[in-house]
Structures are given as structure tokens and as C-alpha cells.
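What follows is one structure encoded as C-alpha cells, with my remarks underneath.
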Amino acid sequence: MEEVLKLKIPASTANLGVGFDSIGMALDKYLHMSIRKIERANWEFLYYSSELEGLPKDENNYIYQTALNVARKYNVTLPSLQIEMRSDIPLARGLGSSASALVGALFIANYFGNIQLSKYELLQLATEIEGHPDNVAPTIYGGLIAGFYNPITKITDVARIEVPHVDIILTIPPYELRTEDSRRVLPDTFSHKGAVQNSAISNTMICALIQHKYKLAGKMMEQDGFHEPYRQHLIPEFNQVRKLSRQHDAYATVISGAGPTILTLCPKEKSGKLVRTLREKINNCASELVTINEIGVKDEVVYLKS
């Protein structure tokens, strides 16, 4: 019998405006992986979607490098593997494609190295590698997650927030915006006054989400001062998306992660008309309705006749 590990790993959106590097939500776009042992010297990567075209198929592959680094950390040896991949998560668009790949690599190392890491331990490891939990936490656990990574203790603490009863619209531009380029425009420091103000906005946003006060939550999301004022000029379509969304009574329009994808939260009864309007008025972008993934990464082992 041939043993195959199958992974279904969700996309994620980070920040929700003012929750910079600490709040994220899993979405129903996925990286699908099928992994099996092979009797060869080198790993084999097979890609079955356009989103993955151009990715390395050798030792420069990020999943390969990450899985081997984890194996070394726990003093185990991984067999040669064949990894089949299919994805509808666009790369470098602010939808957590790198976090999905990272989580996939951790699950591969954990299973084929028989390391026996719990989900909590996988989160700790993922956040230590990534530097913050905003994408990896919802990717692993699903839902809407707030978290903090302490770089001194190297411990990540997370709390789950009830998933908001709203519809999500993604407006995805045709161009990439790499995280390192998007971070380059951010200031190195904030004044104490500015930090206090943004902290107050973030606190209010979280409380409003918990109480299902989505208008208030959206108002807070759109008052972010941590990153959006510095990044909006990198996304020419942003202001028009926000303007159209407000005309359709959306709760908030924010940058998804480092961008350039634009995330809109809106009432369920308004979402269909809004997404059609966005498709018509901003036709160089792909606008679509998505739902919130509440379970995180799904892993299963299947056995096939050899």
C-alpha cells in the first residue's frame, strides 16, 4: 500500500486595518498538496496550476528548504518525496501564500519525520520562522485569530475571535507586491502618542467585532495608522474600491496583508451587487466573494494500492 499525505491549506488575510502583524483570518482559497515517498535521490515537485508556474523544482524550493530545516532541528531524516501541488492562492498578493507554503512544509516534516508536533507546537515553530502570527495562526487553526509573538521568549499566544457575520470581497490586482517592498515604505518608529492612538483604535475594533458591531468595527479598521497610510499609494485601485464600497454600505475596505489585494467587509445583503459593481468599474482586477475558513489546515493520510 502506498501512503499519501494530503493537505488542504487555506489562504489568509492579515491586519484587518489596524491589527498590524497580529490579526488574521483564514479564507476559502487553498493550496492543495499530495505528498508521497519516492525511491529517488532528489525530491520531485509537480505543479498543476498557473499560480505555481515559475516556482523552483529543486533544492531552492521554499517548502523543501523549510521541511529539511525542521527535520534538522529535531534530528530526523526525511525520505525523498514527491509533492504534487495545486493552488488558487495568488502569489505575492497579500493572501498568505508564503504562510500556506510554510505550514505545508511543517506538516510534511512533522509527518514524514514522525516528529509528533502538536498544532500548538507547529504554531510556535511557524511564528518563530515567520516573525509574527497574523497569517500562520489562522492558516493552522482557521477563523479569526489575534496573536502576539514574543521575540525574547519565542512564545506565541493567540486568542480566537468569533467569526464575523459578514461577507468578504477580495479585489485582486493583476500585479504582485512583495512583502519586503511593501514593508520598505513603513516608518521605523512611531511616536508614543501615535502608538497609543493606534492601540486604542485596535482595542475598539476587537471589542466591536466581539459584540457584532460591524459598523463600529469597520470605522476603526479604516482609521489604521500603522501601515495603510504608507502603502495605499502602492495600490492605485485602492481609493476607488473604497469609494464604491462605501456607496454600497460596506463596513470597511482595507489592504489585505501587505497588498496589493483589497479586502472589503460588507453586509450579506449588499455583497452580490457590490462585487458585480467592482467587476464592472475596476475591470483590470479580479473581484470575488469568498467565505471565512473556520477549520484551518486539513490533513489526512490515504492508502493507495501500489
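Cβ coordinates come from backbone N, Cα and C, glycine included.
Database features, via Swiss-Prot:
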BINDING   P90, L91, A92, R93, G94, L95, G96, S97, S98, A99, S100  ATP binding site
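Counting neighbouring Cβ atoms within 10 Å of each of the binding-site residues (S98, S100), the lowest count belongs to S98. In the structure as shown, the Cβ atom of G94 (ATP binding site) sits within 10 Å of 30 other Cβ atoms. Apart from P90, L91, A92, R93, G94, L95, G96, S97, S98, A99, S100, the residues listed for ATP, the same chain places the Cβ atoms of A11, I89, G257 within 8 Å of the centroid of those Cβ atoms. In the structure shown, the C-beta of G96 has more C-beta neighbours within 10 angstroms than that of any other entry among the binding-site residues P90, G96. A92 (ATP binding site) has a Cβ environment of 19 other Cβ atoms inside 10 Å. Taken residue by residue with DSSP, A92 (ATP binding site) is part of neither helix nor strand, so it is coil.
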